[in-house]
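Per Swiss-Prot, the features are:
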BINDING   Cys108, His110, Cys126, His129  [2Fe-2S] cluster binding site
DISULFID  Cys113-Cys128  disulfide bond
DOMAIN    66-162  domain 'Rieske'
TRANSMEM  21-43  transmembrane segment
Amino acid sequence: MTQISGSPDVPDLGRRQFMNLLTFGTITGVAAGALYPAVKYLIPPSSGGSGGGVTAKDALGNDVKVTEFLASHNAGDRVLAQGLKGDPTYIVVQGDDTIANYGINAVCTHLGCVVPWNASENKFMCPCHGSQYNAEGKVVRGPAPLSLALAHATVTDDDKLVLSTWTETDFRTDEDPWWA
């Protein structure tokens with residue numbers, strides 16, 4: 001039986017070569033699927049996108065509206081909200097009933113516990129290992145090695161609070177921010 005070959009430009013792919021190619025493709029696909037989560041874990045998350053920040057969310061997941069927020073909180077309060085990367089961030093109410101231009105990340109720099117505000121002692125006190133931070137989040141007692149991270153807090157024209165990455169000098173330590 002005579003077989004008529006197609007174009008001489010088309011390479012002949014034998015059964016063995018086809019099976020090798022199919023096996024290689026299958027193994028590569030499975031390996032890539034297995035490695036994807038590991039590689040994604042090693043790449044740090046973005047800090048809220050390039051849009052200039054994220055809108056702070058209250059405990060119920062609603063956008064923080066500044067006038068309503070100030071009506072229900074007193075001067076000196078530090079109130080948890082969802083901030084950059086979804087981290088808990090304290091919104092600071094100043095003495096003149098305005099919101100401070102900074103937010104304080106509530107994640108302890110020792111082992112990552114959420115640090116509650118202790119109003120009676122006017123400081124943040126970590127329940128895990130006893131680290132303490134002053135009212136601005138500067139570490140005053142270890143074992144935490146660093147102060148709490150800061151975020152810019154800005155009120156938008158539509159009365160929402162936007163938190164963005166703090167990249168300037170840390171006003172508490174006069175050093176470059178360790179978190180940027």
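Glycine too: its Cβ is placed from the backbone N, Cα and C atoms.
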Give me the Cα-Cα distance between Cys113 (disulfide bond) and His129 ([2Fe-2S] cluster binding site), rounded to a whole Å.
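Rounded to a whole number, the Cα-Cα distance is 9 Å.
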Please list, in sequence order, every residue of the chain apart from Cys108, His110, Cys126, His129 whose Cβ lies within 8 Å of the Cβ centroid of the [2Fe-2S] cluster site.
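Neighbours within 8 Å of the Cβ centroid, excluding Cys108, His110, Cys126, His129: Thr109, Leu111, Cys113, Val115, Cys128, Gly130, Ser131, Pro143, Ala144.
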Take the domain 'Rieske' (66-162) and average the pLDDT across it for me.
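Per the prediction, mean pLDDT sits at 88 for the domain 'Rieske' (66-162).
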Can you name the residues of this chain that are 6 or more positions from Cys128 (disulfide bond) yet have a C-beta less than 8 Å from its C-beta?
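Residues satisfying the criterion: Cys108, His110, Leu111, Cys113.
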With a 10 Å radius around each C-beta, find which of these recorded positions (Cys108, Cys113, Cys126) has the fewest other C-beta atoms nearby.
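Across Cys108, Cys113, Cys126, these recorded positions, the one with fewest Cβ atoms within 10 Å is Cys113.
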For Cys113 (disulfide bond), name the DSSP secondary structure in the helix/strand/coil scheme.
coil
Output the one of His110, His129 that, of all these binding-site residues, has the highest number of other Cβ atoms within 10 Å of its Cβ.
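Checking each of His110, His129, the winner is His110.
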